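Peer 1: Marked as domain 'G-protein coupled receptors family 1 profile' by TrEMBL: 68-309. Annotation comment: TrEMBL describes 1-24 as region 'Disordered'. Residues or ranges marked as transmembrane segment in TrEMBL: 54-77, 89-114, 120-141, 162-186, 206-225, 258-277, 289-311.
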């Protein structure tokens with residue numbers, strides 16, 4: 001029977017000491033962290049276990065993501081008034097980010113305690129599925145916002161609800177399929193040369209994910225351009241009807257709404273684009289530091305999502321105040337919805 005290969009504590013670094021040496025090779029004695037016996041003479045359970053500080057950062061991000069989005073999921077779940085298609089999609093986004101945060105924490109725990117290939121594949125699959133569902137939910141929210149403006153008169157109908165449920169089933173089904181790929185054998189554990197910058201995902205696997213992201217980003221960009229055109233056209237029509245000037249409050253709030261859309265899209269691109277581009281051009285031979293430097297900002301998108309999509313919403317703000325304080329401030333209760341809330 002062949003001997004089981006040693007399990008890597010980190011999902012990004014073939015050598016757990018690579019972060020200390022700065023180049024992916026074994027640690028030398030000059031690091032001041034001690035000298036270890038040869039790894040060839042040790043069993044996997046006896047290998048020196050060093051905690052990669054970047055993994056600690058990812059675990060900390062996962063904890064923050066999980067706590068933040070758990071609050072959003074709890075509020076939407078417990079409030080019967082938050083059952084409109086918009087809130088279902090926001091809840092889907094929060095649930096996806098919650099699972100992504102839990103996946104990061106579980107991966108850190110399993111990698112450094114269990115050190116098992118099976119646990120590694122399961123947790124990586126959970127992270128891939130969750131972040132995929134998060135990105136797909138962002139696209140679904142963009143589609144919903146476009147439809148709510150383009151079909152304003154018929155938006156609140158059973159057809160819209162059915163379309164929303166269909167989008168939810170499709171996005172979660174596709175995300176689950178993507179997350180199952182590493183578990184069902186599409187991984188590089190058996191052949192290291194096929195690894196991508198994120199072990200144990202293969203180069204082809206992460207290339208598919210990256211290209212899919214670029215396509216989704218292009219679609220979101222096109223939808224947001226159309227949303228901006230609709231918002232500006234509505235504002236112009238209202239201005240003509242009431243003989244408003246460009247400096248009127250309605251025009252100002254409309255411009256604020258367009259700026260909000262730009263912030264949403266810009267934040268999404270700033271978080272995910274560096275990792276997406278890097279994963280397409282790099283492979284497992286590149287220094288792990290570059291992967292961490294691009295992956296950590298991508299996780300921050302799940303930290304920012306609740307602030308952009310949930311905590312700014314008037315109805316969710318009311319529900320949060322009721323849960324936390326048992327009352328709703330007058331400034332929140334009577335705030336009018338403006339174009340900046342689109």
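Glycine too: its Cβ is placed from the backbone N, Cα and C atoms.
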Peer 1: To the transmembrane segment (89-114), which of 54-77, 162-186, 206-225, 289-311 is linked by the most Cβ pairs under 8 Å?
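Peer 2: If we count Cβ pairs closer than 8 Å to the transmembrane segment (89-114), 54-77 scores highest.
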Peer 1: Looking at the domain 'G-protein coupled receptors family 1 profile' (68-309) alone, can you tell me the average pLDDT?
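Peer 2: Summing pLDDT over the domain 'G-protein coupled receptors family 1 profile' (68-309) and dividing by its length gives 86.
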